Amino acid sequence: MPSYSVTVATGSQWFAGTDDYVYLSLVGSGGTSERHLLDKPFYDDFERGAIDTYDVTVTEDLGEIQLIKIEKRKYWFPDDWYLKYVTVKTPMGDYLEFPCYRWITDDKEVVLRDGRAKLSADDKTQVLKHHRRKELEDRQKMYRWAEWHPGFPLNIDAKSHKELPRNIQFDSEKGVDFVLNYTKAMENLYVNRFMHMFQSSWSDFADFEKIFVRISNTISEYVMQHWQEDFMFGYQFLNGCNPVLIQKCTELPKKFPVTTEMVECSLERNLTLEEEIKQGNIFIVDYELLDGVEGNKTDPCTVQYLSAPVCLLYKNLEKKIVPIAIQIKQAPEPENPIFLPSDAKYDWLLAKIWVRSSDFHVHQTVTHLLRTHLISEVFGVAMFRQLPSVHPLFKLLVSHVRFTIAINTKAREQLICEYGLFDKANATGGGGLAQILQRAMKHLTYSSLCFPEEIKARGMESTEDIPYYFYRDDGLKVWEAIKSFVTDVVDLYYDSEEMVSEDVELQAFVKDVYVYGLRGTKASGFPKTIKTRQKLSEYLTIVIFTASAQHAAVNFGQYDWCSWIPNAPPTMRRPPPTEKGSVTIEYIVESLPDRGRSCWHLGAVWALSQFQENEVFLGMYPDEHFIEKPVKEAMRKFRKNLDEITSCIAERNRNKKLPYYYLSPDQIPNSVAV
């Protein structure tokens, strides 16, 4: 009688093993085997990290093996099991691989196909077509779209982490509990003794060191020492944690009536302001998105303020970017003066602090939350709903949505919900976040997620004119590496443009993203369909780059740049000055966050800047969803390209006082997971 050798690999994460009964059936072109209990006498099967082998004997030749069925039946109490893969050695000596990489819960049957990636058009038998269709039907029942807040991209239908499908939950929920993580942060940062001091102001700038000095690092300490300098202020628009707002100024907006006379002491080329603009030396950052948003009112004891500054910057003869004019509110009027470097020291300093505070709000709400977290969740939910596990694009993307839906669900549960942790320290809490995000949705376009196009749209592409824009330089290298890899994979499975346009599952995925994620907004520029391999490669590059590199660039520098509170105040407790010459050091300190809110803020940026345990970085694919050699060769080429970028960045950073490493591939996680 024919005998098959079956190898079963159990995951190595906590509680991955099981004591339940596990049965296996083989489904071939010539018939289906009986259900076999996988069990060895006097042996503990399916332990965490184990690889177990069994002989399965059948009564007749099954022909070509098409599917395997795995059943788990309760032995004593409910016991989830993480199955990595199954391999089958046939009587003819052939090896078949069946990737799983998922949890098997309750008393369920899981049907697996062999690991060769297939488009729907490749399936010729009814058995395979039915399996493909059934998997998507089941997934679409589990992964349902829901609206958490009007005007936001749609998200998964789950009110808590526990309601999520088991396969996208965190392995350990405690590891992503924001309340526990904040508490841990407070302990690590030695700031518990200040936590009760809401409404209690700091004495002066040096007083902030009481919650800072014990946990400083190279960059954060440099920020603390130099934050008041114009160079440091300008540098952050290029290489801080929100390097996406600065743009070349081609014409001064009428609402910002800066004149040559105002700024001539800052201009170094003996040119008028208009001439400097024509030569490409003037840049602008406009926080119009914040205009009219009300400050946080959840704490009746503290009035909190928001403003919408406009900031003009200048490229000096050293080709460094420095500020030359700031208007704290949008409308030009006598009570909204334009502040200048030539003004009194504290006038100019407070104007810069208002810009830094506004930058923090736009960064957290738009750059970070909307444009990495929420859009990556859209890609993830659409992928699970429309791409079966055998589809090559599912295999390509699944590692790049790992834990994304889970972290976002946890954030909606604890962080950005009403009276959540976000409300405690931020001026945009209590409804402001929602207002800003709704406005920002109008600017969430396909081209703005395409990294090279976004850089060009802001006029920031010239390495000669703007030589110290490391975010741009490193980002373009990583973008090209991802695009090259994606193109290699696409070309392996799509021989023609017709294969792209006729892939109904791909088209359903793209449509789901457009209809639900972008709410069917034509102005978003997101495609409803994709018809060419080139466009498909670009689309997939956006998905992967956003989830990996873009998130890394705007997330993991938060502690570096925001831990020194005066450099990134999460709230302001005094209104903007309405005249020059009235600002004192006391007024500035009273404007900055109180002791309690400072501690909450510090805990937040510390927790958000930490990598996950067992983080998986760009180019690493430990779950082998692909089994084909050409794809594995493409992965090796991808890793080689990334290694070269890592070495190049390390060499550039050598001996730098302000190294830029957020887009070094060895520092870029595969997915949004924190």
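Backbone N, Cα and C atoms are what each Cβ position is placed from, and that goes for glycine too.
Annotation source TrEMBL lists domain 'PLAT' at 2-118. Feature annotation from TrEMBL assigns Ca(2+) 1 binding site to GLY17, ASP79, ASP80. For ASP39, the entry in TrEMBL reads Ca(2+) 2 binding site. Taken from TrEMBL, the feature site 'Essential for stabilizing binding to COTL1' covers TRP103. Positions annotated as domain 'Lipoxygenase' by TrEMBL: 118-674. Sequence annotations record features per position, and here TrEMBL assigns Fe cation binding site to HIS368, HIS373, HIS551.
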Out of TRP103, HIS368, HIS373, HIS551, the recorded positions in the record, which is closest to ASP80 (Ca(2+) 1 binding site) when you go by Cα distance? TRP103
Residues within 8 Å of the HIS368, HIS373, HIS551 Cβ centre (excluding the Fe cation site residues themselves): THR367, LEU369, ARG371, THR372, SER376, GLN550, VAL554, ASN555, VAL672
Given the Ca(2+) 1 site GLY17, ASP79, ASP80, its other Cβ neighbours within 8 Å of the Cβ centroid, in chain order, are PHE15, ALA16, THR18, ASP19, ASP20, PHE46, TRP81, TYR82
In whole Å, how far does the CA atom of HIS551 (Fe cation binding site) lie from that of ASP79 (Ca(2+) 1 binding site)? 35
Sort the residues of the domain 'PLAT' (2-118) into helix, strand and coil with DSSP and give the three counts. 0 helix, 60 strand, 57 coil
Euclidean distance between Cα atoms of HIS373 (Fe cation binding site) and ASP79 (Ca(2+) 1 binding site), Å: 32
To the nearest whole angstrom, state the Cα distance for the pair TRP103 (site 'Essential for stabilizing binding to COTL1') and HIS373 (Fe cation binding site). 24
Over the domain 'Lipoxygenase' (118-674), what is the model's mean pLDDT? 92
Would you please pick out, from the binding-site residues HIS368, HIS551, the one with the fewest other Cβ atoms within 10 Å of its Cβ? HIS368
Here the Cα-Cα span from ASP39 (Ca(2+) 2 binding site) to GLY17 (Ca(2+) 1 binding site), rounded to a whole number of angstrom, reaches 14
Roughly how many angstrom lie between the C-alpha atoms of HIS368 (Fe cation binding site) and GLY17 (Ca(2+) 1 binding site)? 36
